[in-house]
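Have a look at the structure below before the remarks.
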């Protein structure tokens, strides 16, 4: 298995291990704009919009700040994030982190899911592609202190799009280019398989 320990340690050196917690109750009143796409409880009904429920607050904060600053761009999220006050971001993140993610629909074949599982847990030796589990955990639980997002139950179409954006370099908010390095080694079929497997994780 192609190991990612060195990359993890390098990343741990540049991301803080402490995080100031927001107030979930205060955050609930600040999520009206978010609910239109991501659902009032952080569970999206559109396969191209991510679930936010149960996501690590540090990651949610980082992405919202990236959209707000322009470091990450999206025609919908960028203008929405621009209206959010900096002081509200921890509370919004805390609210969604406190919600329970609902299982995503899985429509992929058993063959595709098996291929996705193989890549997720073991990587791709031929192209020295790191295993997803190295940073995101064997069950897709992520690593909150390191800022690595939870993936379990995330929308397959959303995951596939993000991997393709990393591969193309149009998304570049990953520490030390870790995700861009992984995604550039993957084919469309491999991306589709691992995205389907991620959606199946519970």
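Each residue, glycine too, has its Cβ placed from N, Cα and C.
In TrEMBL this protein carries:
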- 1-20: signal peptide (SIGNAL)
- 22-100: domain 'Cytochrome c' (DOMAIN)
- 34, 37, 38, 77: heme c 1 binding site (BINDING)
- 111-202: domain 'Cytochrome c' (DOMAIN)
- 132, 135, 136, 179: heme c 2 binding site (BINDING)
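Annotated features, which come from TrEMBL, shown on the structure.
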residue	record	CB count, 10 Å
34	heme c 1 binding site	21
37	heme c 1 binding site	16
38	heme c 1 binding site	20
77	heme c 1 binding site	18
132	heme c 2 binding site	25
135	heme c 2 binding site	22
136	heme c 2 binding site	20
179	heme c 2 binding site	22
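In terms of C-alpha distance, the listed binding-site residues 34, 37, 38, 77 place 38 closest to residue 136 (heme c 2 binding site).
Of all the binding-site residues listed here (34, 37, 38), 38 has the Cα closest to the Cα of residue 135 (heme c 2 binding site). Broken down by DSSP into helix, strand and coil, the domain 'Cytochrome c' (22-100) contains 43 helix, 0 strand, 36 coil.
Each residue of the domain 'Cytochrome c' (111-202) gets a DSSP state, and the totals for helix, strand and coil are 54 helix, 4 strand, 34 coil. Spacing of residue 38 (heme c 1 binding site) relative to residue 179 (heme c 2 binding site) is 24 Å (Cα to Cα, whole number). Confidence for the domain 'Cytochrome c' (111-202), expressed as mean pLDDT, is 98. Put simply, residue 34 (heme c 1 binding site) is 26 Å from residue 179 (heme c 2 binding site) when counted between their Cα atoms. The Cβ centroid of 132, 135, 136, 179 marks the heme c 2 site; residues of that chain outside this set whose Cβ lies within 8 Å of it are 130, 133, 134, 148, 151, 178, 182, given in sequence order. Listed in sequence order, the residues 33, 35, 36, 44, 49, 52, 76, 80 complete the 8 Å Cβ shell around the heme c 1 site centroid, once 34, 37, 38, 77 themselves are left out.
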